[in-house]
Protein chains: 2
Amino acid sequence: MKIETKVEKFNEPLYLESGRLLEKFEIIYETYGELNEDKSNVIVICHALSGSHHAAGRYADEAKPGWWDKFIGDGKAIDTTKYFVICSNNIGSSYGSTNPMSIDPSTKKEYRLKFPVLAISDIVKAQMKLYKRLGISNAVAVIGGSMGGMQALCYAIEYPTFAKEIIALATTAYTRPWAIAFNKIGIEAIRHDPIFKNGNYAKDDLKALGLPGLAIGRMAGLICYLSPNLFNKKFGRDYASTDGLYELFGRFEVEKYLEYNAYSFPKYFDPLSYLYICKTMNIFDAGRNKDKIEDSFDKVQANLHLIAFSDDMLFFPEEMEEIRDIMVKLGRENQVTYKLIQSQSGHDSFLVEVEKFENHVREILKDK
Amino acid sequence: MKIETKVEKFNEPLYLESGRLLEKFEIIYETYGELNEDKSNVIVICHALSGSHHAAGRYADEAKPGWWDKFIGDGKAIDTTKYFVICSNNIGSSYGSTNPMSIDPSTKKEYRLKFPVLAISDIVKAQMKLYKRLGISNAVAVIGGSMGGMQALCYAIEYPTFAKEIIALATTAYTRPWAIAFNKIGIEAIRHDPIFKNGNYAKDDLKALGLPGLAIGRMAGLICYLSPNLFNKKFGRDYASTDGLYELFGRFEVEKYLEYNAYSFPKYFDPLSYLYICKTMNIFDAGRNKDKIEDSFDKVQANLHLIAFSDDMLFFPEEMEEIRDIMVKLGRENQVTYKLIQSQSGHDSFLVEVEKFENHVREILKDK
């Protein structure tokens, strides 16, 4: 599989949903496989909150491959011998695309809290400019889970002729207060971390461990990304050490897991970026600026494939069913599929239980 | 209804499950109604994590009455014209019973992190000493929800002849990793709060606002005490202010709710006490020191009444069903009842949806 990582710089303004703009912006992106002559074999992959453009393959120095490596590759469900797969790092994210720690051209300093709030539609709009730059005018499919699924829905609604197949996994048409509440823990933990200094943190203060407040936020995320049953199966009531029971800070295995994963996160993720991305997710509403959400979905021309996970505790299957029901109500039952996966890994099932939906996706992409 | 608040001091050691002891201890408790001549009309109420001995009635300066005021009072399900109701503040809790900020007799200083870890069995053992002091040798019923339900189960198992009826609501026979994970957010947020100083915080530093880290922990609690549907119904996607949408810190109603309730909590709750109570809940296991959990429930002589709530996201109905199934397996089907309430307030339903189970409790207590 041919993998390339590139950056495209755009010296033109990106007008945002909020009415504000980014004077210029850049996108780092990765591609897998080869673009065919008539540029008709493109599949777009959209990443989630803490994901990046590195969706597949393994760099020389990496312990783990890209986040959807099980799914994307030669002969895999998203077959890179056939398709040219593009995954962009979302603007706002701190993996290389324009984000709150980028330089604001008007002040020559980092934006920090002066960075504009981005909507999912802004992220997708920036990606569309990338495709235009690459001479790509349409895609076989757009595929994404969680926040990536929000982007997939946005493509379907805002750019109805761009992709023939839209595959949205573990997502929602509008973020409910339950998900907003989980994000709130991170927002408050970051804001009240004394090192954060209202966004004016010294980079050196974050060099070794990152921002502890962000670890607390990540911990809340780790809970809603998994599920009670998975926790039972994975950890039970096992102790990480034998002296743990009557020691105040003696730890259960589940606590050790949360500590390890939460505290490693701020070492590679920027707290301002986290705040902005949470906001982007919180304000996602496919029905915004429409009288009713049906008006948005009425614009869809692609086939819309919804894949929900039975034990998803962040975006519940009912939220995906609601989208299906809207499409059916609009008389679009031939244009929508809904598949409920009997999952055991919670929200993260879209990342780790690929074997449960890869054949479904192969079927969708067959002969396309 | 006659209400009295009293303190009993015990100048004798309380030997703890951990092998450690409290050299002496005290309990603040409240009573409702009047003890009859043969002391046979006692009902014991056990409180939850952030509850107190003030279960019913309203003090002159109070905006809200006690936490189970809908349930306890003259003519109410727990009828104080008939019963003498006792609610003790759990040891470990900071409302007046011995807790980590009490004076350690051996050092004449506050225990702080030298306070011993308490088990649910220790809290109940201390309460049994109170009843003995009051000349009470048995009760009509022990009733509690959540952590109070753990205590109720402990009474049933450890003191099988004490009460005839045990009513446990919204609880579990052993705390699962899902609940431990939610507690972990608070534990970490408190430990990493610079004001906490490894438990040696200056009391003055907490005077105005309390410990911010505790607010973060409370926020995690507020999420798992409620439910996704309740959040949808209560808050939807409403904004607390009209400029909220594209302002980074613009707030949804759900965020406003969480902020208000989370940040008010540390003003009246001690962070060390919170850490110790989380630990007490985390280590609760009715099967501890037994080969199997059935051995514990085999000791039960009371009628065990389990009340679960359909949308409880902390202690799921399955956990209560499991207790029922254990009793049935032991051939005790005549000694156990299980009632699933179709609730809409999540875990907190045991506090706020009293109207849905009060008749059931009246039935249980009828002619007793």
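For all residues, glycine too, the Cβ spot is worked out from N, Cα and C.
Here the structure is a predicted model, which means the values were calculated and not measured.
The domain 'AB hydrolase-1' annotation in TrEMBL covers B:41-210. Here the domain 'AB hydrolase-1' (B:41-210) has a mean pLDDT of 97 out of 100.
For the recorded site, B:Ser146 (active site, nucleophile), the DSSP three-state label reads coil. Counting only same-chain residues six or more apart in sequence, the Cβ atoms lying under 8 angstroms from the Cβ of B:Ser146 (active site, nucleophile) belong to B:Ala48, B:Leu49, B:Leu169, B:Ala170, B:Thr171, B:Leu314, B:Phe315, B:His347, B:Phe350. The annotation active site, nucleophile is assigned in TrEMBL to B:Ser146.
Look at TrEMBL and you will find B:Arg218, B:Asp348 tagged as substrate binding site. DSSP assigns B:Asp348 (substrate binding site) to a helix in the three-state reduction.
Residues or ranges marked as active site by TrEMBL: B:Asp312 (among others). Take the CB of B:Asp312 (active site) and look out to 10 A: across all protein chains shown you find 29 other CB atoms.
Cβ-based neighbour count (10 Å, all protein chains) for B:His347 (active site) stands at 26. The active site annotation in TrEMBL covers B:His347 (among others).
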Checklist entry - By the DSSP assignment reduced to helix, strand and coil, which category contains B:Arg218 (substrate binding site)? => result helix
Item to check | Residue pair B:Asp312 (active site), B:Asp348 (substrate binding site) - Cα distance, angstrom, rounded | outcome: 8
Checklist entry - When you tally the Cβ atoms that lie within 10 Å of each candidate's Cβ, which of the binding-site residues (B:Arg218, B:Asp348) has the highest tally? => result B:Arg218
